Amino acid sequence: MAEKTLNPFEIVQSQIKEACDALGETQEVYEMLKQPKSCMEVAIPVRMDNGELKIFEGFRSLHSDAVGPGKGGIRYHQNVSRDEVKALSAWMTFKCSVAGIPYGGGKGGIIVDPREMSKGEIERMSRKFVELIYPVIGEKVDIPAPDVNTTPEIMGWMVDEFCKLEGEQRIGVFTGKPLAIGGSLARFEATGYGVALMMKEAFRVKNIDMKGATVSVQGFGNVGRFAALYAQEMGAKVIAVSDVSCALVNEDGIDIAALYEYVNIPENKNMIKGFEGAREYDRDSIYDMKVDLFAPCALENSITSETVKRLDAKIVVEGANGPTTPEADKVLQEREILLVPDILSNGGGVMVSYFEWVQNLQGYYWSFEEVQEKQEVKMVNAFNDIYKLMEERNVTMRVAAFMMAIKRVADAMRCKGWVK
Ligand SMILES: NC(=O)C1=CN([C@@H]2O[C@H](COP(=O)(O)OP(=O)(O)OC[C@H]3O[C@@H](n4cnc5c(N)ncnc54)[C@H](OP(=O)(O)O)[C@@H]3O)[C@@H](O)[C@H]2O)C=CC1
Ligand SMILES: O=C(O)CCC(=O)C(=O)O
C-alpha cells in the first residue's frame with residue numbers, strides 16, 4: 001500500500017509531535033514549532049539570454065528565531081515547493097539546536113532547473129532573488145547559505161547584491177562564500193566531512209571496524225562526494241555511489257578521489273556516468289547493495305516504505321535532509337538498523353557556516369585544521385549526548401535528537417516569555 005503522505009512539511013510536523021509527546025512538552029510549544037514564523041513568496045523576473053522575460057517563483061521561510069537569527073541554505077530545483085521550504089526551515093531550527101550553535105532555522109528555494117539556464121541567467125536570477133528577499137534577511141536576522149544546486153560562486157553574487165543594497169560591507173549575511181570574499185576554510189568540505197565523522201561514530205557504537213567496512217552513498221554532489229571521500233580516508237570501502245545519471249558499483253572499492261576528478265571535468269557535466277573504475281547500473285540499484293552502511297545524500301523521501309524493503313545495511317547515516325519517511329523509520333527500527341538522523345549527521349555544514357560567520361564578524365580567520373578540529377569536537381559530543389539520551393529513554397536516535405533540540409528551543413522561548 002502507498003504511504004499516506006510524502007509531504008515533507010507533514011513529515012516534520014509528525015516528528016515534532018512525537019518528540020514533544022516524548023518530552024511531555026506543552027501544547028503551546030508544539031503550536032509554536034509546528035509552522036514557520038513567516039514564509040515570504042516572491043515572483044522573480046529574469047531577462048533570459050533570448051530576450052524573453054521569465055518569472056520564477058521563490059521562497060524564504062523563517063521557521064524560528066527563538067535561539068538566534070535564522071540560518072539555512074537556498075535550493076534551486078524544479079521540485080521546490082512552499083511546503084518543502086517550510087519543512088527544510090524547520091529541520092534547520094532543530095539542526096542548529098542539536099549542533100549547539102546560536103541560530104534558529106531558515107531556508108529558501110526557487111522553483112527552477114538551473115541545468116537549463118546559462119551562467120548569466122542564473123546570476124541575474126540570484127541577484128534579483130536577493131533584492132526581493134532583502135527585507136527578511138540580514139547578518140543578525142536570517143543568514144542564507146548554499147544547498148542543492150547553489151554554490152560558493154552564487155553566494156558571492158548574492159552577498160555582493162546584498163552589500164550594494166545595504167550600502168556597506170555586511171559579508172556575514174551569507175555563508176558558504178568563496179574564500180577570497182570571507183568564506184571559511186573547510187566549509188566546502190564540511191557537510192560531507194561531518195557525515196563521515198558520524199559514520200565513524202556509528203561504526204564504533206555498533207562494534208564494526210571502519211577499516212574495510214562497506215559503504216554505499218546515494219548522491220554525489222557537495223555532500224555525497226565529501227562523505228565518500230572522507231569515509232574512504234577513514235578506512236571504509238565505498239563500494240557503490242549514485243547520482244541522477246546512474247549507480248556505480250565496485251566490490252573492491254571505488255577510487256573516490258579519481259571519481260571526484262572525473263566529475264569535475266567539464267565535459268562530464270558533474271555526473272558520474274562513464275567513469276571507468278566501476279560497473280554501471282540504473283541509479284536506484286543503490287538500494288540493492290549489501291553494505292554495512294548506507295548514506296542517502298541526495299534528496300527527501302529516498303527511503304520509503306517501498307525502498308526500505310530493498311535495503312540490506314546495518315547502519316543508515318542521513319546526509320540529505322529528510323531522506324527517510326516516517327513509515328520507513330518504523331521499519332528500520334523494527335529491523336534494528338541504527339539510523340543517525342539528518343539533524344545530527346548533516347549538521348557539519350551549518351556548524352562551519354557558523355564558524356564562517358564568527359570569523360566574518362571578528363575579521364580574523366582560522367586555519368583549515370582549526371576549523372575541522374572544532375567541527376569534530378562539537379559533532380562527536382552531539383553524537384554521544386544523543387546516543388546516551390536514546391539509550392536512557394529507549395527511543396530512536398531521531399526521536400532523541402528531536403527531544404534534545406526541542407528542549408533547547410523551548411527553553412529559549414520560555415526565557416523570552418513566548419510560551420509557558
Ligand atoms: N550543501 C550543504 O552544505 C548541505 C546539504 N544538505 C542536504 O544534502 C542533500 C544534498 O545536497 P548537496 O550535496 O548540497 O546538493 P548537490 O546539488 O550538490 O547534490 C545533490 C546530488 O544528489 C543527486 N541526486 C538527485 N536526485 C537523485 C536521485 N534520485 N538518485 C541519486 N542521486 C540523486 C544529484 O545528482 P545530479 O548532480 O546528477 O543531479 C547530486 O549528485 C540535500 O538534501 C541538502 O539539503 C544538508 C546539509 C548541508
Ligand atoms: O550552511 C548553512 O547555513 C545551511 C546548510 C543547510 O542548508 C542545511 O544544513 O540544510
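Cβ coordinates come from backbone N, Cα and C, glycine included.
Together with Lys71, Lys95, TrEMBL lists one candidate of Ser353, Ser367 for binding substrate, that being Ser353.
Taking a Cβ cut-off of under 6 Å from any atom of ligand 1, none of the recorded positions Lys95, Lys107, Ser353 qualifies. Listed in sequence order, the binding-site residues among Thr191, Asn222, Ser353 whose CB lies under 6 angstroms from an atom of ligand 2 come out as Ser353. When each of the binding-site residues Thr191, Asn222, Ser353 is scored by how many other Cβ atoms sit within 10 Å of its Cβ, Asn222 comes out lowest. In the three-state DSSP scheme, Lys107 (active site, proton donor) falls into the strand class.
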